Every structure is written in structure tokens, then in C-alpha cells.
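S.K.: Okay, handing you the structure first.
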């Protein structure tokens with residue numbers, strides 16, 4: 001027997017669901033349009049193949065984030081990618097990789113333990129509501145109010161650790177660049193260094209996990225029907241969707257475009273000088289390891 005109610009107290013919940021669904025669909029359309037537009041920006045055949053692989057694979061990922069399994073995969077696949085990127089910034093140092101993998105295993109162990117405790121100590125039941133003429137189905141797991149803050153705290157701590165590693169490498173990179181080339185410290189140059197150093201991507205992820213951790217407290221103090229509550233819901237939905245659909249491809253393509261421009265600039269500026277270079281015969285070179 002469904003629960004039927006026309007009480008106005010449910011209207012904020014209905015409005016919240018409508019807002020989230022509308023933002024999800026709008027962002028999904030924007031992601032597909034972004035993937036389509038990016039495929040026409042580089043004409044080289046090799047880069048075109050890479051763009052198709054990078055961008056259009058994101059369409060499947062955009063569909064995937066709407067499925068029930070996205071939460072589980074995002075807890076495992078995304079941190080592994082971040083660990084590999086952080087390790088690459090340190091020249092694939094084994095010490096850095098082992099250290100990050102150790103804390104990743106600790107994080108996954110805590111999350112897995114939390115999931116096991118949820119299934120052992122709670123009960124899952126489904127309910128059907130008819131709220132102001134709108135049918136709603138909801139699955140509820142009882143006695144797990146502590147699980148979400150615990151999981152978010154663990155993920156937030158691990159993301160903060162990754163941000164510290166990347167930020168340290170970024171500071172060294174910017175400092176070395178400033179000493180070597182005397183680069184200007186304008187906003188544009190600093191932002192470019194941040195993108196190259198992967199820090200922007202990590203900060204977006206950190207912001208997303210921070211919002212996830214703060215969601216229960218914020219929604220408790222900000223009424224769902226208030227302007228602040230609606231604004232927070234929209235911002236949180238946009239950032240979450242951006243993290244899982246477009247943040248990674250944007251970073252990858254920005255680095256590839258920068259590398260392609262640098263290669264093309266060097267090639268076009270040295271065509272004549274390369275054609276004039278002549279090499280004399282030399283004796284074989286023996287390399288001793």
C-alpha cells in the first residue's frame with residue numbers, strides 16, 4: 001500500500017528532485033556537445049584518433065554515471081588514475097608509488113569494512129510514495145546514518161594527501177621555471193603552470209569530496225526550498241558531474257594541445273637550420289652501463 005500525501009511539506013523534496021534531474025540532463029547534453037565540438041579542433045590524423053578515443057569514450061562514461069554502479073567504480077577507478085598521475089609527476093618514483101598505494105589500500109579497506117557493516121547491521125526495504133500526484137519509489141537502508149560521514153571523511157583525507165603531493169611538485173616546477181626562464185608571474189602564466197602540474201584537476205576533486213562531506217550539515221541548516229539550499233544543490237550537482245565526465249578529458253586535451261603547439265613551433269622554426277646540418281663520420285660509440 002503506497003503512502004499517499006498532498007501535504008505541502010513534501011514540495012521542497014519534489015522541487016529538489018526536479019532541480020537535480022534538470023541539471024543532470026542539461027549537463028549530459030553539454031557533455032555530449034563538448035565531446036562533439038572538441039573533435040574538430042585538431043586536424044592531424046593522429047591527434048584526431050586520440051581525440052575520438054578520449055572524448056567520445058566520455059559519452060559512455062556520461063551514461064555510466066547515471067547507473068547504480070557509478071558510486072562503486074568511482075571509489076576505486078578514479079583514485080587509481082590519480083595515483084598514477086601523481087606518481088608520473090615524480091618521475092615514476094617507486095617510493096612515491098608504494099606510499100600512495102599503501103594509503104589507497106588503507107582507504108579501500110576502510111570503505112569495504114563500512115560497506116560490510118552496513119549489510120550486516122542494517123536492513124534494506126523499499127517504499128512507494130504518491131506525493132502530490134507524483135509516484136516516487138525509494139529504497140532505504142536503516143541504521144547507517146554514520147556511514148556516509150565516515151566514508152566521505154576517509155575519501156577527503158586521501159584526496160587531501162594527493163593534493164599535497166601534487167602541490168609540492170607544482171611549487172618546485174614553478175620555482176624552477178621562474179629561475180630558468182624568468183617567466184612572468186601573471187595570472188595567465190600561473191594558471192597554465194597549475195594546469196600543467198595537474199593541480200587544478202586535484203582541486204576540483206577535492207572540492208567535490210568536500211561538498212559531499214558537508215552536504216548533510218549544509219542541508220540541515222539550509223532549508224531545501226530556500227535560495228541558498230537550491231543554489232547549493234545546483235553547484236554540488238554540476239561539480240559532481242564535471243568531475244566524472246569532463247574534468248579528465250579537459251586536462252588531457254589541454255596538455256596534448258600544449259605539447260602539439262610546442263612541437264609544431266619547434267619544427268616550423270628549425271626547418272631551414274635542420275636541412276643545413278651535416279654530420280661527420282665518427283667512430284662507434286660504446287656505452288658502458
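Using the three backbone atoms N, Cα and C, a Cβ is placed for every residue, glycine included.
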S.K.: Pick from 128-148, 191-211: which range has transmembrane segment per TrEMBL?
M.R.: 191-211
S.K.: In TrEMBL, one of 70-92, 231-253 is tagged transmembrane segment. Which stretch would that be?
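M.R.: Going through 70-92, 231-253 one by one, TrEMBL flags 231-253 as transmembrane segment.
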S.K.: State the non-local partners of the transmembrane segment (97-117) in its own chain: residues 6+ outside its ends, Cβ under 8 Å from one of its Cβ atoms.
M.R.: 75-76, 79-80, 83, 86-87, 147, 150-151, 154-155, 157-158, 161-162, 165
